[in-house]
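Chemist: According to Swiss-Prot:
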| type | residues | note |
| --- | --- | --- |
| SIGNAL | 1-29 | signal peptide |
| REPEAT | 51-95 | repeat 'Kelch 1' |
| REPEAT | 97-149 | repeat 'Kelch 2' |
| REPEAT | 151-186 | repeat 'Kelch 3' |
| REPEAT | 187-232 | repeat 'Kelch 4' |
| REPEAT | 235-284 | repeat 'Kelch 5' |
| ACT_SITE | Glu241 | active site, proton acceptor |
| REPEAT | 306-355 | repeat 'Kelch 6' |
| REPEAT | 357-386 | repeat 'Kelch 7' |
Amino acid sequence: MGMQMKNFKKMMTLMALCLSVAITTSGYATTLPDIPEPLKNGTGAIDNNGVIYVGLGTAGTSWYKIDLKKQHKDWERIKSFPGGAREQSVSVFLNDELYVFGGVGKKNSESPLQVYSDVYKYSPVKNTWQKVDTISPVGLTGHTGVKLNETMVLITGGVNEHIFDKYFIDIAAAAADESEKNKVIYNYFNKPAKDYFFNKIVFIYNAKENTWKNAGELPGAGTAGSSSVMENNFLMLINGELKPGLRTDVIYRAMWDNDKLTWLKNSQLPPSPGEQQQEGLAGAFSGYSHGVLLVGGGANFPGAKQNYTNGKFYSHEGINKKWRDEVYGLVNGHWQYMGKMKQPLGYGVSVSYGDEVFLIGGENAKGKPVSSVTSFTMRDGNLLIK
């Protein structure tokens, strides 16, 4: 009887959440056309005039922009990126120019993948790209970044450049020998999280001075593939990988004040309905709408966390990757399950404008890039998806 009552209470709680934040479609939200080409593992940012820029990833060196203030909204192609095709870059607008940090790619068709530490900037006025005379203190792939003000960006997380590059060098060397290749793969994944040395240093780049500053370290392990947002000087660093295949459900929170980062109490993303624990997400979409932080999509390996807890370092071995469609919201200081997206999706671009969060491109459950653009908006306690 006690178990029945417990299950009944859980069911009623879930029903209450669904009633208070029911998903719907609405004319309130802005409808944007599809991107001209499918985009996953790309990057994007919005300027102070409401113009969104997206590119790289599966779009190669292509970049596109769309003006949200125009009555008739269409994507326009801008000058191609000169730094070569790459994925997992981070971009922000600083001093009215689009800055692109790092990424991963190949120098040529014969070379293995490698982590980049370069920086480029784009002038919307001149429609020109320029390589900035700087390199990041560490290689930047799987990192995340948020704009602090008009001249500074905070960048943290990401893989260890040397370990990551060595893996792809070894894979390339063993390409003709399947047995040797499998050995390289196993040896790479079969290590504890600490042995990957993911970056946990927080860097501040100042575009005006073209300088980098060490702003301390994350309060816990370094991550890759995290989502990050900044609102009212509060930074939220959401989940990510602790090592390849293993996510964390932890959300780091910090306050940026007087050029100093102060870490606050962590929180955790709740489990999805019907699941015992939250595996954590990599490649999730995120943004604020009417004071509610929304987190949706991403991907994980269900069961990897338990395997790792049980001592299996190659924690996602034999587990199929799962793209997620759940949406969570931080409502009045508490995380809640809000409902589902139109389809499972991750590794796209999140851009906020007003109280709308645009989800641009991404990777679907088949691992394919998509060109769709959807949006999250909170309205009268309801989550609107369009």
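Just so you know, glycine gets a Cβ as well, placed from its N, Cα and C.
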Chemist: For the repeat 'Kelch 7' (357-386), could you work out the same-chain residues 6 or more beyond its ends whose Cβ comes under 8 Å from its Cβ atoms?
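Modeler: For the repeat 'Kelch 7' (357-386), the nonlocal Cβ contacts are 20-26, 28-42, 44, 52, 54, 57-58, 283, 285-292, 294, 296-297, 299, 321, 323, 327, 329, 338-339, 341-351.
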Chemist: Which residue counts does DSSP yield for the repeat 'Kelch 7' (357-386) in the helix, strand and coil classes, in that order?
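Modeler: The breakdown for the repeat 'Kelch 7' (357-386) reads 0 helix, 18 strand, 12 coil.
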Chemist: Could you give me three numbers for the repeat 'Kelch 5' (235-284), the DSSP helix, strand and coil residue counts?
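Modeler: Grouping H, G, I as helix and E, B as strand yields 0 helix, 24 strand, 26 coil.
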Chemist: For the repeat 'Kelch 1' (51-95), could you work out the same-chain residues 6 or more beyond its ends whose Cβ comes under 8 Å from its Cβ atoms?
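Modeler: That would be 30, 32-33, 35-45, 101-107, 116, 118, 120-122, 124, 127-129, 131, 140-147, 150-153, 155, 207-208, 349, 351, 353, 358, 360-361, 369.
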Chemist: Taking only same-chain residues 6+ apart in sequence, whose CB is under 8 Å from that of Glu241 (active site, proton acceptor), what do you get?
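Modeler: In sequence order, Gly142, Phe198, Thr223, Ala224, Gly225, Arg247, Thr248, Ala282 meet the Cβ cut-off.
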Chemist: As a quick check of your reading of DSSP, tell me how many residues in the repeat 'Kelch 6' (306-355) are helical, how many are strand and how many are coil.
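Modeler: Final tally across the stretch: 4 helix, 21 strand, 25 coil.
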Chemist: Mind checking how the repeat 'Kelch 3' (151-186) divides into helix, strand and coil residues in DSSP?
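Modeler: Split by secondary structure, the repeat 'Kelch 3' (151-186) comes out as 22 helix, 6 strand, 8 coil.
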